Structure formats: C-alpha cells, structure tokens
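Peer 1: Below is the structure I would like to discuss, written out as structure tokens.
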Amino acid sequence: STMRERKTTDPLHSSTDLSEGKEKLRLKQEVGLISGVSLIAGTMIGSGIFMSPEWVLHHMGNPASSLLIWAACGLLATFGALSYAELGTIIKESGGEYIYILRIFGSFPAFLFAYTSVILVRPAGLAAVCLSFAEYAIAPFYPGCSSPQVAVKCTAAACILILTIINCLNVRLATSVMNIFTAAKLLALLVIVVGGLVLLANGRTQSFQNGFQGTTAGIGAVGVAFYQGLWSYDGWNNLNYVTEELKKPEVTLPRALMIAIPLVTCLYLLVNVSYLAAMTPSELLSSGAVAVTWGDKVLGSWAWLISLSVALSTFGSSNGTFFSGGRVCYIAAREGHMPDILSMAHVRRLTPSPALLFTSAMSLIMIISGSFTSIVNFFSFMAWLFYGMTISGLLYLKIKKPELPRSYKVPIIIPIIVLMAAVYLVLAPIIDQPQTEILYIVLFIFSGVIFYFPLVHFKYHPRFLQRVTLHLQLLLEVAPTTRDAN
C-alpha cells in the first residue's frame, strides 16, 4: 500500500520504557561526545552568520541592541536545547519533534508536523542556505554593487542540483564533502574574529558609540529580528534527530549541547563585533554580502579568500541539510504518515533518492518564488510553531507524568521561558504587521486534514496511488527498507 499502517503503540500510556514500541528498531550507537558537538556546531554554523547581521541591525535600528538580540538568540537556543535534552532521555527514539509530538499528543498533530516539515520547512531551509551560497559565490563578479537576482537564483538552483547528484550517488561522498566544508567555515569565522580584534585594538570603536540610539521598540520588528538571528542558530535540535545513534544518550546529549551552543554563541558575538568594527552601521545595512564587504575593507587584495571560504561554508551547510533531511521522512513513513516512496532507497547505491529528489524539487520552487529574508521569516514562523508544541509536551510530561524514568531533568522554568518565547515569536509579527503569506502558511498546515483522515485514519489506499508508487519504484530503481541501512 502507498501509506503504511501505523504501528499501534502508545509508549506514554502502555509502558514506562518510551524507547520501545512494537517494532524494535535499534540503530548502531556510534555518535560520541566529540561527534555530537561537531554535528551541532557544524549544522548551526552555516549561512546565517554571513547573511543575517544586516537584517537584525535593520530591524533593531542600532548596533548595541542588535548584539543583544544575538546574545538572546544564543540563550534561547541553549534553553530550547536543554529542554529537548530531557525529552531525548525520556523518549529515546530518533526523529526529533516528530517523534515527541507523536508519542505525547498522538497521530494527528504528528502527521501535520511531518506534512509541513517535508513539504515546506526543510525545503525552505535548504533554499535559504543555497540563496546565501549564491550571493557569496557571485559577489566577486559584481564588485561595488548588488548582484542581479536572476544570477543569484540561477546559481542557487545549480547548487541544489549539484547537491542532489552528490547525495543520490554516494553516502560516503556526501559525508566527505561535509567534513571538508566544515573546516572551511571555521577558518572563515576565525579570520573574521582575529581581524576584528586587531581593528578594536587599533581604536576602531566608532560604531559602538551611542550604541542604543534609535532602538526599534515595535514588538513585530523585534520578533522579525529574532527570526533572522535564530536562523543562524538553527540546528541546535539536530542531535535529537539521531538519539538512537548516540553512545549513552542520557549523558552525551546534554553535555554535547552545553559545549556546542555556548561556543557558537560566543563565536557569533565576536564575528558581529568584527563586522561593526570594520563597517559603519549604514555600510553594513547597504551590503548584500556582509563578510565580502568586511574582506574588502580589512584584507584588501586577499578579500577573495573570504568570498571563497563563505561560499564553501554555505555549500557545506546545504549538503548537511540535504544529508540529514531524510530522517523525518523515513521515520514518518515507518509510522504510516508519509508515502512509502519517500522512505525507499536506491537498490545499489543505498541512498534515499526519492526523498532527496522531492526535497530538491520543492526547494527549487521556493528559490524561484522567494527571497532570502522572506524565506527565513516564514521558515522561522513554522519552526517555532512546532518548537512551541514540542516544549508544551515536555511541560505536560513534567506535570502529569513525573514518574517516567529520566536521567536528566531541566528546571521547569527553562521550558516555560522557551514556550513563552515561542508564543511571542509566532504571534508578534501577526499582531504587529499581519501578512497574508502567514495566513497561507496556517491554511497549508491545516490542509493536511484533507490527506490525514482518508489516507492515515481510515487507511484508504486508492489503487492509482499504488500504481504510481510501483512505476516510480521501477523508474528510480528503489525498494522499501525494512531496517535503517545506517
């Protein structure tokens, strides 16, 4: 059938061992502390720190308040990650928000998350990263002016197609690309940090004088500034997607989070200070590619190194997004919430090519129809809607199910703060500056009802869908996976 029958397990009510269901799938536990820290930091450091600073400054109005937003985003990401760490030690399954929503709230909200994530959220994230890659890749060809949007979008589309080919061909090739490009992004950030410290030592502090003058007070503007900042921290929850592969998850998960996220926060703050030491606020706001402008001012004839490093960094992040993107697809299909074809793998290459091709197609549509800043805002709106739902699930477990075994407990005030922040981030832009696009997103999320009740709840499987699945299997040379190949 096109939609698999959902396993009827409810670990929250039938057993205190939430990691066990009817299907006892156990992945190899090979991710240790260092690998966990690398996975979080490597995913978080992507395009955002090279693209978002100008937009945070634009919405906040001055350097000092924009730095406060960056620090607050780091603190919020840390609190969110600590809350997820407790969830990960109660529900020891991979899948992140999807599996937590499924086990706590049930099938329907979990389906809405999977439906939205696979069709909108993940493709939107990939599109935004590829657009930032394109900005930096072609910036050296247009010195002193903004790059044409047609050239940017064509380059971003080419990036997606190359990534699709790499990830469909070979898993080892994809992981090698990810490792090489992680080194490039760290090198680029360290160069910017050291350059900024040298500028500050030489007295370049003009941008920080009267730092709070002209601060924006609107709740909507602050919410959108948070969206742009939090985009740079996105990935703080990635370790929860591979909980089944962690060595001693009850220890590794919270420790890796407490090392990686404060480290990235400090790095981001230093990079922002470096940008402001090299440029005036007006120069930063007029820059289409902040790090390239910084390189022109500080490195002179060596500025091309920054463009190259940032392009490599964002390409690597795109690859990481692509590489990990199949996890929710696979687990949702395992639970009967997604079409079988999205959980199948190529019979020889053992890559999840149908899911990759689908994500690629949706990302190309978003690149054609949107810009970096609009895609990030809508991505953040959807992401924090489901983050808030997941955190409310943790609060439910802490209050109603305190007897469940958990090796790590976060103080209840922390998930409460995260939930309040999530509610603010979802509602503030709607209240302050309502946009019809957000209404369309909400309507899209609830349009999942049309598919859920006939295909999942009533298990209606039309014959034509079965024929379509069969033809796609033959065309793509894919087959169902009974166990995770990794």
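Every residue gets a Cβ built from N, Cα and C, even glycine.
From a predicted model like this one, the values you see are computed outputs, not experimental measurements.
Okay, so TrEMBL annotates it like this:
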- 1-10: compositional bias 'Basic and acidic residues' (COMPBIAS)
- 1-20: region 'Disordered' (REGION)
- 31-52: transmembrane segment (TRANSMEM)
- 64-85: transmembrane segment (TRANSMEM)
- 97-118: transmembrane segment (TRANSMEM)
- 154-174: transmembrane segment (TRANSMEM)
- 180-201: transmembrane segment (TRANSMEM)
- 256-278: transmembrane segment (TRANSMEM)
- 298-317: transmembrane segment (TRANSMEM)
- 354-372: transmembrane segment (TRANSMEM)
- 378-397: transmembrane segment (TRANSMEM)
- 409-431: transmembrane segment (TRANSMEM)
- 437-458: transmembrane segment (TRANSMEM)
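So where do these features actually land, and what's packed around them?
Peer 2: Residues 128-129, 132-133, 135-136, 178, 182, 185-186, 189, 228-229, 231-236, 238-239, 242, 245-247, 252-253, 255-257, 259-261, 263-264, 267-268, 271, 289-291, 310, 313-314, 316-318, 320-321, 324, 372, 376 of the same chain lie 6+ residues outside the transmembrane segment (31-52) yet bring a C-beta within less than 8 angstroms of a C-beta in it.
With a cut-off of 8 Å between Cβ atoms, the residues of this chain six or more beyond the transmembrane segment (64-85) that come close are 53, 56-57, 96, 208, 211-212, 215-216, 222, 225-226, 229-230, 232-233, 236-237, 240, 253-254, 257-258, 261-262, 264-265, 268-269, 272-273, 387, 390-391, 394, 408, 410, 414-415, 417-418, 421.
Here the transmembrane segment (256-278) has Cβ contacts under 8 Å with residues 33, 36-37, 39-41, 44-45, 49, 53, 63, 66-67, 70-71, 73-75, 77-78, 81-82, 84-85, 189, 192-193, 195-197, 199-200, 204-205, 207-208, 232-233, 236, 239, 284, 290-291, 293-294, 297-298 of the same chain, all six or more residues outside its ends.
Residues 2-3, 6, 107-108, 111-112, 115-116, 119-120, 336-337, 374, 378, 381-382, 385, 429-430 of the same chain sit 6 or more residues outside the transmembrane segment (437-458) yet have a Cβ under 8 Å from a Cβ within it.
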Peer 1: Counting only residues 6+ away from its ends, which parts of the chain sit with a Cβ under 8 Å from the transmembrane segment (97-118)?
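Peer 2: Residues packing against the transmembrane segment (97-118) from afar: 6, 10-12, 18, 87, 91, 237, 240, 328-329, 331-332, 335, 337-338, 342, 355, 358-359, 382, 386-387, 389-390, 393-394, 396-397, 444-446, 448, 451-452, 456-457.
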Peer 1: By a Cβ-Cβ criterion of under 8 Å, what residues six or more beyond either terminus of the transmembrane segment (409-431) are in contact with it?
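Peer 2: Residues packing against the transmembrane segment (409-431) from afar: 76, 79-80, 82-83, 85-86, 219-220, 222-224, 226-227, 230, 377, 380-381, 384-385, 387-388, 391-392, 394-395, 398, 438.
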Peer 1: In the same chain, who gets a Cβ under 8 Å from the transmembrane segment (180-201) while lying at least 6 residues past its ends?
Peer 2: 38, 42, 45-46, 49, 267, 270-271, 273-275, 277-278, 291, 294, 298-299, 305-306, 309-310, 312-313, 315-317, 319
